[in-house]
Structures are given as structure tokens and as C-alpha cells.
Amino acid sequence: MATEGRGKETNEIKTHFTTREGLYRLLPHSEYSRPNRVPFNSQGSNPVRVSFVNLNDQTGNGNRLCFSVGRELYVYIYKGVRKAADLSKPIDKRIYKGTQPTCHDFNHLTATAESVSLLVGFSAGQVQLIDPIKKETSKLFNEERLIDKSRVTCVKWVPGSDSLFLVAHSSGNMYSYNVEHTYGTTAPHYQLLKQGESFAVHNCKSKSTRDLKWTVGEGALNEFAFSPDGKFLACVSQDGFLRVFNFDSAELHGTMKSYFGGLLCLCWSPDGKYIVTGGEDDLVTVWSFLDCRVIARGRGHKSWVSVVAFDPYTTSVEESDPMEFSDSDKNFQDLLHFGRDRANSTQSRLSKQNSTDSRPVSVTYRFGSVGQDTQLCLWDLTEDILFPHQPLSRARAHANVMNATGLPAGSNGSAVTTPGNSVPPPLPRSNSLPHSAVSNAASKGSVMDGAITSGVSKFALLSLHDRKERHHEKDRKRNHSMGHISSKSSDKLNLVNKAKTDPAKTLGTSLCPRMEDVPLLEPLICKKIAHERLTVLVFLEDCIVTACQEGFICTWARPGKVSKFQP
């Protein structure tokens, strides 16, 4: 498969590719762009960004698409693979002067057919809250740039909240906001709450707000993402480090260093057990949340990796007998149904497996990456990589596919985290099998066995109903969590060991294993799909969405979906 993907050097733009599920096809009529369809001159502009939200309306057209190109921002009804895009009827269109949108995020919790909250970050540091359906601009945060003057790199709603959101800047700082708070016209004053190696958390002294300021690493904070259960926050920075925090307590859970250069992007696996990163080393790196270590790297791109994303619809638990696939809607719909219902089916499949036969269970995670080399790569993370040194057994597979509701035992950061103020010992060198340097996963068996008791995997995704019931309580706890974070006196905080890890000394340690010390993944496919660098990769139920810097948002129909397309 890898040879098919890499193939000969060519400038030909691919319009289809094949995986084990079947044929993926580009749908030209489902392409979204600026209404004039003229390629955007990307010189000096921020990356094109895309956000989705589903309004759960009764018309069947519940998906909404927001994308930013240069100084322009558009919101459309996203018709996906079924109908052609109508660029003449945007829900909302905005053109900004003096600044450019850099990122945006819908609030999925509060979205309805009548109203949706959209956060937009800008190159000058401001953040705007708008409702593209009601056409109302609700609020502008950091309006006078008193909080931070640098470019907004990432903005996201706090999971389960209708009012809290987090904003990262190229300064390396990250700020929490509350849409219900009033922000003054003077610069805020912060006091130190917690400090660790290469990070510090401050509290705003204002009586009207209790917002936090995080300073993480050195250089720009390029992206952050919440774990599927909302308890942990992962950040990647220009200094090349991945850092994972307990969000409420601001405790550092674990870190990882890139092979070279800055880390630009990351994504959690649907069950919260793994994080994939990409960056300036042209690699994708898979990091285990439970073990706090790199478990694999992937080499397929020829330039910086700009986006990584897991595909929850092909991430699966399967019996040893392979599933039959064909280019038909029925078979692929069965696969999607299985993907959506993994939470319920995982236990039933494993129980049935244990009671009927001895066929092993296989765990496969699918993720994708796009880069500045204009290539799309798809990767499979399989059980031989996840659990080296051990024969595949039903008990082992059972232990590792359960307990994704809360993150694994030991996730408080104390049980498995390498102390942040010291460089881990070097890994053993090996010129034979790449697994030789990987620690024996059997030592984690007791942790994994305890994880089983927490219940059936839900891939850490709360239902909309559950989130609405819980978000008020979460907001109350997070608004008062500073007492927990600041439990130590300021004197003790000032005595925290400020020693910094020397990046040059991390190579060959568990923070940054050598290339020969961890398994090297080859892409399933690696296809050139655009003329300009790729900046977007989103996996939806019936398609894959990509976008390039020319401003074209492309829809790739999954196998079996093209036949029902309506112009």
C-alpha cells in the first residue's frame, strides 16, 4: 500500500485513492470556496481554516461550515456528498480590515437551528464572538490588545461549557475567558498560582474576573486540544515540546520532544489513549497518554506536517477474520454504524468473542495527516505497534479497548509521569528490532486491568443531553478551581525548581527516542491532492474534508457514497 501511495514523483493532482474500505473520490460539485471561485493569493496570509457544527435540525441539512480565507470569513450550509455546494447563498460573510481571522470554533453544546456561537481569533490578538445565524456581533475580547498583542493561534470552547473558552497566542501565552464577564479598559494584573518546568499559571487579580493566564514553553504555542472527556489539555509549541496538563488542577501529566524543530499540530485518539503530533521534522509521532512515551513515528511527508486528525469512523475493534468491503453503500453504512456504536459494541463483541471461540481481537486506529508538501497521508496504528513483545490475547485486547470514558488509571499525572525537571535516562540502543527499546508493556498490566472496571468505552464523548445537564456544574467548579490550583503558598511556588530541560540532551531519551528505537510507520496512502500547501483535514461520517491555501475546501466521498449524490 505504501508503494502505491508514494509512487513516482509527479505533479499530477489525485482525485481518488483506495484503502481497505474501498474507493475514496473527490467530488468537484461539493467544493466550497469564495463565491468567485478564484484561487486566493496566499502570499503573506494566514492559513485557511475550517470549522464544522451540526445543528441537529429536522431538514437533514444540519451541518454548518465556517472557513476563513485571508481577510474573509464565510459560513455556509454544508451539503456534503449528497448535494452540490451553492456558493451564492452564504449564511454569513464578513470582510475584515486591518486584521485577518486566524482560527475559529463553534460551540457545539449551545448550537440550535436559530442560533450558534462562533469564536473567531485574529492576527492582531483580538477574539470576536459572533452569531452567524442571527447576524449579531456579541462581544469583542482583548479589543484594545491590552491582554496580548500577538497573533491568536488557537481558540476553543471549554468542553461542556456554554461560556468558558481558551485562547492561545504566538507569544506562548494562553488565556481563559468567560463570555459572561465584563473586561475593563486597563491592562490586567496577574499573580502567580503555579509554576513548573517551562510553564506557569497566573490568576487575574480583577474582582470581576477570575481568568487564568498560562505561559507554556518557549516561542509560539501553536495548537492545543482537550482530551475527549475534557479533563486534560495537550499543547504543542514552537520549542518542539508536547505538554499535557490536567486542566482543572494545572498539573503537568507528561511531555514529549519533537525529533527536530517545532511541533505544529496534534490530535487525541477518540478514546483519549494516544496523541498524534506533526511538525517541522516532517514526521508524525504517536505518544501514549498512559505510558507517557513515544510509541511510533511515521515518515511519509516531504515537508512540514500542518494537520493531524484521527478518523473515528474507521478506528475499530475487529475479530481476526477481516471484514468484507466493497464499493457499496450498504457495506460501508454497516462499517459506519459499527464506528458510531463502538461504545456499546466493544463490550458485546469481546464478550461474544470470549464465549464462542478463540479468535483474537484486533485494535486499529486510523489517522490522517496533511502538510506543506500538498500531500494527504493516511496511517493505521495497529496492535503490533501498540502492544509489542506480547502475543495478541483476548485478555490483553480486552484490557486495552475498555475504559475510555475517563482516561486510564494513573491519569492524575503522578503514577506514570517522568519528573518534569529532569531529563529521563537514555533508552537502550538497538540495531535490530525497533521494539527493543520499548519498555515492557506487561509492567502496566495492573494499571490496565484496573481500567477495565470503570465500564464500557464511550470513546469519552458525552451526549448533548448529558453535557447540557453538567455544564453549569463544570463552570461553577472551574470558576472556583483557583483555590485548588493555588493550594501552595507563594513562597513555596517561588522555590520550585526552575531547571529547564536542555533540548539538545533529550535525543535518545524517552522524551525523544532515536529513530531506530521506536517503530517506524509507513503510510497506507500518500497522495498529492492540491497545488498549494494543505491546511485542513476533517473526518466526517460520509466524507473527508481537506483544504489548501488557495481557499478551496474539498469533499472526498467515502466508499459507497457517490451513487446517491444529487446535483
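Cβ from N, Cα, C; glycine included.
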Feature region 'Disordered' in Swiss-Prot, mapped to one of the ranges 340-373, 408-441: 408-441
Integer average pLDDT (0 to 100) for the repeat 'WD 2' (216-257): 97
The repeat 'WD 1' (147-187): DSSP-derived helix, strand, coil residue counts: 0 helix, 18 strand, 23 coil
